[in-house]
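Structure, as structure tokens:
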């Protein structure tokens, strides 16, 4: 396979279903593979976003493709592996796992997971190649799917379940992909070779590309099992009020047994999805939940998602500590759905509420199909702003999957675009009604065991439009220390003076930090950061001329320590 990040622009080339056999491993970067000399390489090089896709040969005579050759249908898979050997260059992308060194994954309780997450070892690894004859696949919104489609989907998944566990296409093995990449089973050697470093695809810039690849091959398997190369699985449209309830196809055990899973939060299955969920009922009505959801989506997709790293996640390179920082969507509604759907009757939130087991719930794939859709929607709103990282360490990250495909074309009403929340009061907050210490009076590290309010100075105020276009004002919450074994979440508000933290459909709500529980070999206590964009929010609040802002941190779940808070400025063209 190839590294998906190579290209995530508006897709133009879909993949054909005839390009793969069912039991081959696909490799993302052929030049880094041991004991193999591939004949074809795929390059991610491009001069600009408007460059025409061209096929060519490199200086070694290998076939190469411009990264624009690998764009796929709307929101679909686009990507290609680099012809650069990371071992021979200054770049340091995350390498693929070595399957023969796959180890026992660890649950968040410190115990091994109850089964092996390692895939079958296959010494024959082939490079991902563009399909010669593309096929368009269209994913339906799950709540709008008709009975004929649902029956075919159920049949495909049942046939996947019926495959022996040793078959890499089986539902068990496909679910294990997430476990292996997310719970410490996959590693790579350090630069000195003295230790093995863990691979983690969450809480960093690999989150979107990895999961898109994952769905791609999962969906390809489904289509092959019912001999339908155009088959596409549904997405759970939880960002729109008509689709916020769990799609009924996943709840009907009698009629669609392959889609059912007992290990879910059964109470929540009767309620609209809560994108601000923090582990307990917030006592909001369905209409209030819908309002909250709309504001949350607007925040994480638009108001707080101007910079690439703020939406996509922080850089994660070879040798880096894991969990450098999640983007707005991963930390927000993505994580909320995982925890919301996990079964509280299970010891560690299985299935959706734990990385190792999440893939065992068919609902996981519908959830991530919508997450994947969010990536496309965000990119399509960028206009002239950068849509992709140009960093080779991002473009040349590598993964391994057993092949079979996924592809989508999307289109449905997007209510949260117009959900820019309103402020209770607009204008200067110089005469505040809330008493709070100034930042210099707060001692860090700060234990977040209660609501914390602090006045944070703004280095720049009354910025012009040109200054805003040049730099984004960002609230940096640094050295966030949490236990990865626990569900952790806190919410952030700016100039919130009513102490009403349940309702998020207001301009004072800034964003959230949250993580799905997972286990690492490295120390459980990690340090990461959260970047929250402020430019649009301060406009909404009418406080652009204020010297300081009132920042409120509201702990929702878990033990959290904050190392620092400050306002920084990041170039808007990154």
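Cβ atoms here come from the backbone N, Cα and C positions, even for glycine.
Just so you know, TrEMBL annotations are computer predictions that nobody has curated.
What TrEMBL records for 31-65 is region 'Disordered'.
Marked as compositional bias 'Polar residues' by TrEMBL: 43-64.
Within 10 Å of the C-beta of residue 102 (disulfide bond) there are 18 other C-beta atoms, taking all protein chains into account. The disulfide bond feature in TrEMBL is assigned to 102-118 (among others).
The Cβ neighbour count for residue 179 (disulfide bond), using a 10 Å radius over every protein chain in view, is 26. Marked as disulfide bond by TrEMBL: 117-179 (among others).
Annotation source TrEMBL lists Cu cation A binding site at 178, 202, 211. In sequence order, 201, 368, 371, 372 constitute the residues six or more apart from residue 211 (Cu cation A binding site) in its chain with CB-CB distances below 8 Å.
The domain 'Tyrosinase copper-binding' annotation in TrEMBL covers 202-219 (among others). In this model, the domain 'Tyrosinase copper-binding' (202-219) carries an average pLDDT of 93.
Taking a C-beta cut-off of under 8 angstroms and a sequence separation of 6 or more, residue 338 (Cu cation B binding site) has the following same-chain neighbours: 352, 353, 358, 367, 516. As annotated by TrEMBL, Cu cation B binding site applies to 334, 338, 368.
The domain 'Tyrosinase copper-binding' feature in TrEMBL is assigned to 361-372 (among others). As a summary of secondary structure, the domain 'Tyrosinase copper-binding' (361-372) carries 11 helix, 0 strand, 1 coil according to DSSP.
With DSSP states grouped into helix (H, G, I), strand (E, B) and coil, the domain 'Tyrosinase copper-binding' (202-219) comes out at 13 helix, 0 strand, 5 coil. Inclusion criterion for the recorded positions 179, 202, 334: a C-alpha placed within 10 angstroms of the C-alpha of residue 118 (disulfide bond); this criterion is met by 179. Proximity to residue 117 (disulfide bond), judged by a C-alpha distance within 10 Å, picks out 102, 178 from the recorded positions 102, 178, 202, 334. It is 118, among the disulfide-bonded residues 117, 118, whose Cβ has the fewest other Cβ atoms within 10 Å in the structure shown.
Residue 178 (Cu cation A binding site) counts 23 other C-beta atoms within 10 Å of its own C-beta, drawing on all protein chains shown.
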